[in-house]
Amino acid sequence: MWPGGGGRERGGGCCRPGRAGSLFHVCKGSRTSRPDPRRPSSVRPRGSPPRPLLSSTPMAIRARSWRPPPPPLLLLLLWVTGQAAPVAGLGLGSDSELQIERRFVPEECPRTVRSGDFVRYHYVGTFPDGQKFDSSYDRDSTFNVFVGKGQLIAGMDQALVGMCVNERRFVKIPPKLAYGNDGVSGVIPPDSVLHFDVLLMDIWNSEDQVQIHTYFKPPSCPRTIQVSDFVRYHYNGTFLDGTLFDSSHNRMKTYDTYVGIGWLIPGMDKGLLGMCVGEKRIITIPPFLAYGEDGDGKDIPGQASLVFDVALLDLHNPKDGISIENKVVPENCERRSQSGDFLRYHYNGTLLDGTFFDSSYSRNRTFDTYIGQGYVIPGIDEGLLGVCIGEKRRIVVPPHLGYGEEGRGNIPGSAVLVFDIHVIDFHNPSDSISITSHYKPPDCSVLSKKGDYLKYHYNASLLDGTLLDSTWNLGKTYNIVLGSGQVVLGMDMGLREMCVGEKRTVIIPPHLGYGEAGVDGEVPGSAVLVFDIELLELVAGLPEGYMFVWNGEVSANLFEEIDKDGDGEVLLEEFSEYIHAQVASGKGKLAPGFDAEMIVKNMFTNQDRNGDGKVTAEEFKLKDQETKHDEL
């Protein structure tokens, strides 16, 4: 530092005694204004807050920064005057010429300093004996200046030309290209040779534009970012020298914003346009399209070029509706879902970049819900309308029709959701059973009715074809009394008015089947059932309310016939023996399909009115004599 003076850190002023930061500036006799490298449209009034770009949380991790391969390096040492380059370590030649030693040259050097460029660099200035007279490091700020416009001493103006970002040069400047015979009073003696150790940090030109390099692009790109889209992306933000200043990855949270409406710095607004979801690109932004002269006041210095390594995760527009892509549509689609239907479906849920967030398959259970009535997010409510049973479709749901800005669980805020759906079945609570007869024998006059005893075969499956049960596989028929509650109500209804030999398919909605609960391990809850039935045998039942009937006239001395020992009391053994004898002789008939002994016992109990285990002549009555009992 100059004694008694503070340095002008960004350069551009006149060289005057006592100003340390002006060492490179040419004295013109009066202060000159510094050219403004920004375009007029990007100028922001001093004191106004910077445009929001990214959270500026400083990070210690260096980000990976892409640059294209450098051009061949013809010389590692450069002699600006055109003379032969000196060999490092063997001296720098005559003190009367400008001499440059390239002490470090980066492998990648996409661009070098040209006259008219604006540069940011660090330096240490010493005399030949090693005594330091100035250093940008001591001021903790780079020196920022235009090259080749007379704002630097002639030797430095020449020495910076051809430098790469991150290149380090040792420069020896003779007096005639520095401060000459006059020097700088009290600081630089007359005719002084000056040594500068220079490290270039940044370079840009007022003619620069945003540079974009895409290093990964997905095979499918149905849509790209346009003005007014809302995006979610990850990024690493570095300076041209690779120093990391911010990273969304380190915060483990995407940056979410609108594009093209002024929410971002102009360079980022432009650099994001045209990106696909899944694309990765490097966006290099000159300072006049970023934070300009002032920086952000915290982590980004003034006049800094910025490099953003961006990965786009999500993209939508607030005007978007859902998007539906039909993957598989069954050939036969007798009915499509409508509002108010109850659906069972499987799904995989992912974000737009393919990140998985949920799956019904992983739970080994369908998701069951009403549609069109607000039981699910609006995008799914709409996307499930008009589906066929067995259909597979992809539904893309923008966040305002999904979980909005807040998100939910492992679904981030403002996320576009992708659901791959397979519809297993659906029904409406107002549905009844559906019966389709596939075969009827020529003689189909005797039809099943309540009370008949039926023997039949069936295959039971879900609507998607999943087999649940089969009597054919078991090798035995299923036998029931129709209307006795031995099967679910839908099956009872489906077996009515069927003749022996007939084959039919009965579709049963869950409220007439096994309901919301299903059968644990066998029938899923709220499942529509499909039964393929063949009726093999029909035994006509008794009139409703009867468990035993006479096939002929009833004996006038019925009690006496049952009371064989004539003691005026009938015991259960006597009663049972008599009834079975009547059935065996064809004079009477028990209700088919029930346990005969249980029927007889119930008949006896109904006659034993006082419950003493025996029936007297006074207790004994026929069915038509006693309306409260179903005995005889």
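Note: Cβ is positioned from N, Cα and C throughout, glycine not excepted.
In TrEMBL, annotation is done automatically, which means it is predicted and not curated.
Copied over from TrEMBL, here are the features:
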DOMAIN    116-204  domain 'PPIase FKBP-type'
DOMAIN    228-316  domain 'PPIase FKBP-type'
DOMAIN    340-427  domain 'PPIase FKBP-type'
DOMAIN    451-539  domain 'PPIase FKBP-type'
DOMAIN    550-585  domain 'EF-hand'
DOMAIN    595-630  domain 'EF-hand'
REGION    26-58  region 'Disordered'
Composition by DSSP (helix, strand, coil) of residues within the domain 'PPIase FKBP-type' (340-427): 13 helix, 37 strand, 38 coil
Given the model, what does the mean pLDDT over the domain 'EF-hand' (550-585) come out as? 87
Reported in the order helix, strand, coil, what are the DSSP residue counts of the domain 'PPIase FKBP-type' (228-316)? 17 helix, 36 strand, 36 coil
Structural state census, the domain 'EF-hand' (550-585) (DSSP three-state): 19 helix, 3 strand, 14 coil
